[in-house]
Structure formats: structure tokens, C-alpha cells
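Heads up: the structure comes next, in C-alpha cells.
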Amino acid sequence: LAVAKKAVLQLAAEQSKLAAELQRIKDTKKILTNDQLKEKINTALYGENVATENTLTPNKVFDATAGSDRKANCDSTAKGNKVKTVMAALVCLCAEDSSSGLDQACNKHLTLNQQCTSSSQPTNDVMQELRNLCPTAKPTTITAARLASIINNVKTHFIASSSATVLGKLDTVAACSGSANSGLCLKYTDVHHGAANTIDDISWIAALNQIVSDIKSHEETVAAADNIGSQLSANTEKAGSFIASIEQYTQAQAAVATTANPNPAQTQKNDQNAKDACAQHRSNTSCTNEGCKWDGTEETKGKCKPKDGEGQKTQGTGEGAAETNAESKKCSEKTKQEECKDDCKWEDSKCKDSSILVNKQFAFSMVSAAFVALLF
């Protein structure tokens, strides 16, 4: 039982440690809910967590203050550019400009109905027309790897030179003005060959990369939490099995105690049965033949009694307990191994009652079962 207690305490300590680690993981707040992830994605796309994509706010999509013209909105440095969201980038790349704009913006097979005024931010109608250019796709689980793949695909369309990096088409002049002699594009003047900045420093690309990092942390944290959950479940199952084995061992010990210490009332009854059986014999010969003791001076004068401390095996009235006591005494009186027969067994240089050995073996087997449950 001391071993069992130690094992249970060790298991409880391990469970407590795992539970504390699980709580620590939860406290890091790296596990995202669907609503939290949706907010992060909407903010990267539209500059705010929109209730519906059908209504977008221009000064959230772009930087709060509009540039004086399209070039001021779409050309600048990686962090200073007014294009802060994916939708803003789409406006610079695709929206038809109201001043000598390309009539087939973004796609030569597509004519847009809405125009973007160069000196102001795009209206919701302009942005909705562009948003609807994106084909509808089936809902799918977003993962860090999937989003990173999409971002990398976009990055392959950037073209770098010694003075700038451009996304889209820049025509004859050096500005992304949206006019026919210029181009529909995004231009980053501090991202080029030899510059310290990279495409990943562009604000809306950086925002998407941050979401990839957040999702990756979420995935790693969930995996760690799941692993701890599995350990907790395994320990709970182990504890249940171990406790069941201890209960089985306890019941076995109780059975051994009952066998070794018979019921007093039953013992008294067995003794009386033995006395009654012996008392039926009226002669020394018949008395001793039946395993009883003759208390008299002549063949027919005296009383037949049970032998002291022994039940009468041959009478069949001892109901087990008296029989066991008699056999136990008889075995203990045999000092030679060749005499130790029948219900006796020679062990440790002594002749012992084999029924007691069976009980001890049974108890030992239950202890073994408890240890097996503990170890496995």
C-alpha cells in the first residue's frame, strides 16, 4: 500500500504539472478564435473589421488623408505609401482613373463602369466593382502555409529595378498615375536593388505576413495543448486502471483474512459437531478408529471425545474450518520431508498446510497485478 500511495501521489503531481502548463499556454492568448482571425484578415484587407463587405470605408482602406492625385496615393516608400490594405492596392492596380484613364483597366477583356477621381479616395461603388472581380470560392480552412503561399505568389509579380520596385504596369512615364500614357501600378521608391528594404517591408504585405505568423503560433499552441490533453487523458485512464487493481488487491486481502480467521460462530459450531460425532462411539476401538480420543480405563467404560484442538476430518461435519485446523496441526507435526504428504507441502524445511500456501500465493498474485497496473 505504501508503494501504491507513492505511485498515486506521483501521478497526481504529474497531472497538476500538466494542468498548470495547459493554463500557461492558454494565458499566452496565442490560440485564435474564428472571430479574432476574421478581424485580423478584414483589417488587412479593408482597414477595419467590417460587418459586411458590401460597405467599405474609403479613409480606412487608404491612409486617412487622400493624396492630391493618383500618383500621391500609389507611389511612395514601403512604409510611407498611402496604400495600407489589400483593397487599396487593388484600386491602384485596377480602378479606371477619371482623368484620361485606361478604359479597360486591369483586364483588356473587361470594361469597368466606375471611375476613381485622382484627387480623392475611391468611393464604395468603385471598390465594390473591383471586389466583385474576384471569383467566388468555396469556404476552406485557412492555414499559415496556405496564406504564406498566396502571399509568395503575389510577391512574384513585383518587378525590381535599380531605383524602385513596381507591382502592375508602368508605361512611358515614371509615375503610377493611372492615365493611358502612364500605367496602373504601385511603386515603392525605397525597395530596389541594393536597398535595405524588401518587399516584405511594404505595409500591406507586412500586415499579411503578421497574420501568417499569428496563425502559425496558433497552430503550434493548439498542437502543444492537444499533446497535453492527450497526456492528461492517458494519465486519467492509467489512474482508473491502477485504482481498480488496488481495489481488487484489497478484496483479495480481505478474502485471505477471512480464510485465515474463520467466523467464531462457525468455529464453535464445528467444534460441537465434532463432539457430537465422537460421543456416538461407546468403545475404545470404535472411538479411536474414527480419529477420536478415548477417555476411559476400560474398553467400554469411558467417553469418546475429539482430539484436543483438532476437528474431525473423517466425520464430515466440520464444514471446512475445523478440517483446516486439524490438517494444519497434523502437517506441522511432521518433521521429515517424506512424511509431508496429502494436504501438506514441504517448504522452507518445514511441513505446512498447503491450503495456507494457496491463500498466500493468491494474495501475492494480486500484489503483482497492482504493480503491473502501475507500470503499464
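Yeah, the Cβs are placed from backbone N, Cα and C, and that goes for glycine too.
Database features, via TrEMBL:
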type: COMPBIAS; residues: 297-311; note: compositional bias 'Basic and acidic residues'
type: COMPBIAS; residues: 312-322; note: compositional bias 'Low complexity'
type: COMPBIAS; residues: 326-338; note: compositional bias 'Basic and acidic residues'
type: DOMAIN; residues: 3-232; note: domain 'Trypanosome variant surface glycoprotein B-type N-terminal'
type: DOMAIN; residues: 278-375; note: domain 'Trypanosome variant surface glycoprotein C-terminal'
type: REGION; residues: 297-338; note: region 'Disordered'
Secondary structure content, the compositional bias 'Basic and acidic residues' (297-311) (per DSSP, counts of residues): 0 helix, 4 strand, 11 coil
Within the predicted model, mean pLDDT of the domain 'Trypanosome variant surface glycoprotein B-type N-terminal' (3-232): 89
